[in-house]
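Visitor: Shown below is the structure under consideration.
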Amino acid sequence: MESNSVKNDPKVIVALDFDNSNTAFDFVAQLDPRLCKLKVGKEMFTLFGPDFVRKLIADGFDVFLDLKFHDIPNTVAKACKAAAELGVWMVNVHASGGAEMMRAAKQAIAQSSNPKTKLIAVTVLTSMDQAQLNDVVEGITPQQQVLKLAKLTADCGLDGVVCSAQEAHLLRSELPQEFLLVTPGIRPLGADKGDQKRVMTPVDAMDSGVSYLVMGRPITQAENPISVLESVNSSIG
Ligand SMILES: O=c1ccn([C@@H]2O[C@H](COP(=O)(O)O)[C@@H](O)[C@H]2O)c(=O)[nH]1
């Protein structure tokens, strides 16, 4: 397989949130690693485990293992090392787990057999609006909380954050250019928002400076997923 540095770097990460591995493999068989990366989250990993991820990697896809680790530093570090050694392109933790946890995770990946694995941290879930954030932490807007956690993440030396595209413009002005902004909550015009609150269209998100667009249901539940993916790719150039 070509290394990351020479192959193209598709900007859409398709979230594989299926409850059946055959459905997922039928879906993936229509895709091409030059068109998109793939994201495996809690549902599919719990149902189908590391072998499912290995198969996607063997098929040539960059895989983002979206398990959002949030635990004590020792536990998260070991989980991140295991994820890196599975061969994934990217893995994540919750920034609210704190600096000690994030540094331990980074060090564990650096000492793993796959030290190039990217490590990013979730800031504020894109399903949360101001009202939901108020239930967790008072007196701060989603933007302020995202910025605070993104700065902490950058200070810990991680590669980037998961945030909404609505915060991308602000983060780009405050953080190094190479810091990755990975953004779920992407909805083409007219698409159903579902449980997402802080949403943006693919074109507006790229214009705001995001690095990667995470898209699940607008692609996976579409009548013709490939045409949606191709139209997103062509709209973002
Ligand atoms: O803040 C976050 C973090 C992760 N996600 C994940 O992204 C996808 C989004 O799927 P859609 O179907 O496009 O809504 C999903 O797997 C989430 O677990 C997120 O949405 N927000």
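Cβ coordinates come from backbone N, Cα and C, glycine included.
If you look up TrEMBL, you'll see 11-232 marked as domain 'Orotidine 5'-phosphate decarboxylase'. The substrate binding site feature in TrEMBL is assigned to ASP17, LYS39, 66-75, THR126, ARG187, GLN196, 216-217. Annotated active site, for OMPdecase activity per TrEMBL: ASP66, LYS68, ASP71, in sequence order. Residues or ranges marked as active site, proton donor in TrEMBL: LYS68.
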Visitor: Within 10 angstroms of the C-beta of GLY216 (substrate binding site), what count of other C-beta atoms is obtained when all protein chains are considered?
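Guide: Around GLY216 (substrate binding site), other Cβ atoms within 10 Å: 19.
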Visitor: Among ASP17, LEU67, LYS68, HIS70, THR126, GLY216, which recorded positions lie by ligand 1, judged by Cβ under 6 Å to any atom?
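Guide: Among ASP17, LEU67, LYS68, HIS70, THR126, GLY216, near ligand 1: ASP17, THR126, GLY216.
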Visitor: Judged by the number of other CB atoms within 10 angstroms, which among ASP17, LEU67, ASP71, THR126 is the least packed of the recorded positions?
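Guide: Lowest Cβ count within 10 Å among the recorded positions (ASP17, LEU67, ASP71, THR126) is ASP71.
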Visitor: Calculate the per-residue pLDDT averaged over the domain 'Orotidine 5'-phosphate decarboxylase' (11-232) and state the result as an integer.
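Guide: Within the domain 'Orotidine 5'-phosphate decarboxylase' (11-232), the model's average pLDDT equals 98.
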Visitor: Can you give me the Cα-Cα distance between THR126 (substrate binding site) and the residue listed as 'active site, proton donor' in Å, rounded to a whole number?
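Guide: The Cα atom of THR126 (substrate binding site) is 14 Å away from the Cα atom of the residue listed as 'active site, proton donor'.
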Visitor: Which residues, sitting 6 or more apart from the residue listed as 'active site, proton donor' on the same chain, put a CB under 8 Å from its CB?
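Guide: For the residue listed as 'active site, proton donor', the qualifying residues are LYS42, ASN92, VAL93, HIS94, VAL122.
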Visitor: Using Cα coordinates, what distance in whole Å links ASP71 (active site, for OMPdecase activity) and GLY216 (substrate binding site)?
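Guide: Cα to Cα, ASP71 (active site, for OMPdecase activity) and GLY216 (substrate binding site) are separated by 26 Å.
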